[in-house]
Amino acid sequence: MADHYEVLGVERNATPDEIKKAYRRLARELHPDVNPSTEAQERFKLVTHAYDVLSDPQQRQQYDRGGASGFGGGGGADFSGFGDIFETFFGGGGASRGPRSRRERGQDALLRVEVDLDEVVFGAHRDLEVDTAIVCETCDGSCCQPGTAPVPCDICHGTGSIQRSVRSLLGNVMTSSPCGSCRGYGTVIATPCVTCQGQGRVRARRTVPVDIPAGVDTGLRLQMPGSGEAGPAGGPNGDLYLEIKVKHHDVFSRDGDDLLCTLEVSMADAILGAAATIKALDGDIRLELKPGTQSADIVSVKDRGITHLRCSGRGDLRVGIQVVTPTKLDHREKELIKKFAESHKASEPSLARFQQGLFAKLRDRFLNV
């Protein structure tokens, strides 16, 4: 075991005031709020234990008689070792685990984002303004007014806990409970930052650049690690989650990664065949309609649908055909239709499965393509 005087960096004849000053200096340097490294935490425990012994006249006298081991030739025994044994077997009530840090991870945030269907095809970039917690610029997350630092708690001497000897069936054991003065932190913010009131963070609006990948769909959540709220006392940021909602489009709908739409063609074009140019989400597409095209026929265009979310390639564009029957004809046009009907004897109307209009036909055709 290290010599307590060497741990504090004082002479063996140091006065109580010198011991206290040495402890305060080391505590400011090694406290978890200031130095979160594992090595600093171990040294802080040694410094705290050394101060606990040397700041108590009876324990110091006993330590001086017994040497570096901390046990003397007389007087009461130090129960801290037995407390460790008790904690090992019974899971609590033993020695202190050290002060807890004020640094905590910030909360996650959820933001709902609406995107247009054309943005789903290729992805989009957005600069989103969010109301969140950011690190206080005045104290840089230290919680203290600039030029000051947390001071060790005078009640628990920086340990963050109060130890008491209690009598039990197993004899006297040491129990530990959080210090009520410093709330278990081991330090006290004597001069809180006036900007954040000692929280190390403030509420503010900030702009978050977001790249929305192609292929997203309504209900999908995108995770942005470290873009959530800043943690207390300079703690790490939480995550930001973006919940996607795809806006309704007047022309195109979506089936998986395929795009669906309906093209209205005249009866003459359906009979004779024709070429049609349609405006897709990513540019014009020229379609060739075969002679004899029927309502609810499907024309598929490869790789003109939605970009796949987790792999390369795109879905298809599926165009459902609706043949528009003229409702107003003049006398000459009616005569031409009659002559056409006389030369093309149609079969008698026959029953088929009920379908609620063209949209039902298209739906069935789309599903069976």
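Every residue, even glycine, has its Cβ placed from backbone N, Cα and C.
Annotation source Swiss-Prot lists Zn(2+) 1 binding site at CYS136, CYS139, CYS193, CYS196, citing sequence analysis. A simple way to gauge crowding: the CB of CYS136 (Zn(2+) 1 binding site) has 23 other CB atoms within 10 angstroms, across all the protein chains here.
The Zn(2+) 2 binding site annotation in Swiss-Prot covers CYS153, CYS156, CYS179, CYS182 and is backed by sequence analysis. Taken residue by residue with DSSP, CYS179 (Zn(2+) 2 binding site) is part of neither helix nor strand, so it is coil. Around CYS179 (Zn(2+) 2 binding site), the C-beta neighbours below 8 angstroms that are at least 6 residues distant in the chain are CYS153, ILE155, CYS156, THR159, GLY160, SER161, ILE162, GLY186.
Annotated domain 'J' per Swiss-Prot: 3-67, in sequence order.
Taken from Swiss-Prot, the feature repeat 'CXXCXGXG motif' applies to 136-143 (among others). Sequence-distant contacts of the repeat 'CXXCXGXG motif' (136-143), counting only residues of its own chain at least 6 positions beyond either end whose CB sits under 8 Å from a CB of the stretch, comprise 102, 149-150, 189, 192-196, 198-202, 230, 233-235.
Annotation comment: Swiss-Prot describes 153-160 (among others) as repeat 'CXXCXGXG motif'. Secondary structure of the repeat 'CXXCXGXG motif' (153-160) per DSSP (helix as H, G, I; strand as E, B; remaining residues coil): 0 helix, 0 strand, 8 coil.
Under the heading repeat 'CXXCXGXG motif', Swiss-Prot lists 179-186 (among others). Counting residues 6+ beyond its ends, the repeat 'CXXCXGXG motif' (179-186) has Cβ neighbours under 8 Å at 27, 31-33, 98-102, 150, 152-156, 158-162 in the same chain.
Under 8 Å from some Cβ of the repeat 'CXXCXGXG motif' (193-200) lie the Cβ atoms of residues 102, 135-139, 141-146, 232-235, all in the same chain and six or more residues away from its ends. Taken from Swiss-Prot, the feature repeat 'CXXCXGXG motif' applies to 193-200 (among others).
Over the zinc finger (123-205), the average per-residue pLDDT in this prediction is 88. Marked as zinc finger by Swiss-Prot on the basis of sequence analysis: 123-205.
Those same-chain residues not listed among CYS153, CYS156, CYS179, CYS182 yet with C-beta within 8 angstroms of the centroid of the Zn(2+) 2 site C-beta atoms are PRO99, ASP154, ILE155, HIS157, GLY158, THR159, GLY160, SER161, ILE162, GLY180, SER181, ARG183, GLY184, TYR185, GLY186, THR187, VAL188.
Residues of the same chain lying 6 or more positions beyond the ends of the repeat 'CXXCXGXG motif' (153-160) and with a Cβ under 8 Å from any Cβ of it are 23, 27, 31, 44, 48, 51-52, 55, 96, 98-100, 178-182, 184-188. Rounded to a whole number, the C-alpha distance linking CYS139 (Zn(2+) 1 binding site) with CYS182 (Zn(2+) 2 binding site) is 20 angstrom. Report note: the Zn(2+) 1 site is defined by CYS136, CYS139, CYS193, CYS196, and the residues of the same chain whose CB lies within 8 Å of the CB centroid of those residues, excluding them, are GLU137, THR138, ASP140, GLY141, SER142, CYS143, CYS144, PRO192, VAL194, THR195, GLN197, GLY198, GLN199, GLY200, ARG201, VAL202. The local packing around CYS196 (Zn(2+) 1 binding site), expressed as other Cβ atoms within 10 Å of its Cβ over all shown chains, amounts to 23. For CYS193 (Zn(2+) 1 binding site), applying a Cβ distance below 8 Å and a minimum sequence separation of six or more within one chain yields CYS136, THR138, CYS139, SER142, CYS143, CYS144, GLN145, PRO146, GLY200.
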